[in-house]
Structures are given as structure tokens and as C-alpha cells.
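Colleague: Not my notes, these are from Swiss-Prot:
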{"type": "TRANSMEM", "residues": "5-25", "note": "transmembrane segment"}
{"type": "TRANSMEM", "residues": "39-59", "note": "transmembrane segment"}
{"type": "TRANSMEM", "residues": "63-83", "note": "transmembrane segment"}
{"type": "TRANSMEM", "residues": "102-122", "note": "transmembrane segment"}
{"type": "TRANSMEM", "residues": "134-154", "note": "transmembrane segment"}
{"type": "TRANSMEM", "residues": "171-191", "note": "transmembrane segment"}
Amino acid sequence: MTDYLLLFVGTVLVNNFVLVKFLGLCPFMGVSKKLETAMGMGLATTFVMTLASICAWLIDTWILIPLNLIYLRTLAFILVIAVVVQFTEMVVRKTSPVLYRLLGIFLPLITTNCAVLGVALLNINLGHNFLQSALYGFSAAVGFSLVMVLFAAIRERLAVADVPAPFRGNAIALITAGLMSLAFMGFNGLVKL
């Protein structure tokens, strides 16, 4: 049980996908201008990353390895992610049309989010079992969502702040992301992985 807790804390804080592994930067910068949109994207990405990581592990373990088709891993995982994203898009459209409109083009773009493919490939490379794969996918998504929501809250405050003209827009956003990354580096000694 301790191993699973360490995996969760380590993935969310110490090895954060956005701030440490630099995966998922496109939605991190693109959807983080409003807190509501960032929260919605975080929830959708959490659902997709968790489900895609489980499905990828199952396909790898039950189909690709037994049939010696390991060279098709990346292609198979991309197809799995596309199916999961389409399912998520249908669910969001039915349950929350407002959120569906807010997310706009970014919802289908979860398919091309490198963090989703990264979590599936890292699960296999790290040799995780089924439970570890599910937890790793969920933890990576929670870390992604946490950072995106924090970043969106900071960007909303910066939008009304008196920022010098050369630093407005993406410049201050990148500086803020760098400072957040430095803050998360403080968790490095927390968990030994």
C-alpha cells in the first residue's frame, strides 16, 4: 500500500508531467487563461489519461506482447487514445454542453496531447502492473490538472495586474510557468523513486 501512495505522491508532485517531464505543454498554455476552462480540461484529461493508460496496458499485455507485435505499440496506443477521446467528447457533449462549448477545439486535441501518449508509453517502460498503470495514469492526470488549475488562477490574477508592457501575454505566462516549476522542485526530496 505504501508503494502505491509513493507512486501517487511522486507522480503528482515530484515527477509532474508538465513541470518536470514537459509533457502536455500545449493545453497547459492554451487552455489556462480561464479557471473554469482549465478545470474542465483537467477533468476531461484526467478521465482520458486514466482510461487510456488502463486500455493501453491491457492491449499491450493481452494482444501486442503475446502476438509479438511490440513494434506496433505507439500506433496501437494512439488509436486507443483516439477512441477514448471520442468517448469522452460524447459524454461531455451530453452531460455539459456549456463545458463542451468552452473547451471547443481543445477537447478533440486531447488526442494529440503528448502527456496522454507519454503516460501510456511510460507505464510499459517502467514495467507497471495493472493497478500501478491505472494509478500512474490517474496520478499523472491529477498532477497535470493541479498544475493547470494553479496556473489558470495565477493567469487570471495577472490579467488584471499592472504588468510592464514587454512582459504582457505569453512572456509573463512563461515566466510564471518557470517559477511554478522551481516551486515544484522543492518536492524533489519528498519521495525517492
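Placed from the backbone N, Cα and C atoms, the Cβ positions cover glycine too.
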Colleague: Among 5-25, 102-122, 171-191, point out the range having the most Cβ pairs under 8 angstroms from the transmembrane segment (39-59).
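Modeller: Stretch with the highest Cβ contact count: 102-122.
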Colleague: May I ask for the residues of the chain that lie six or more residues beyond the transmembrane segment (63-83) and have a Cβ under 8 Å from a Cβ within it?
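Modeller: Cβ under 8 Å, 6 or more out: 48, 52, 55-56, 110-111, 116-117, 120-121, 124.
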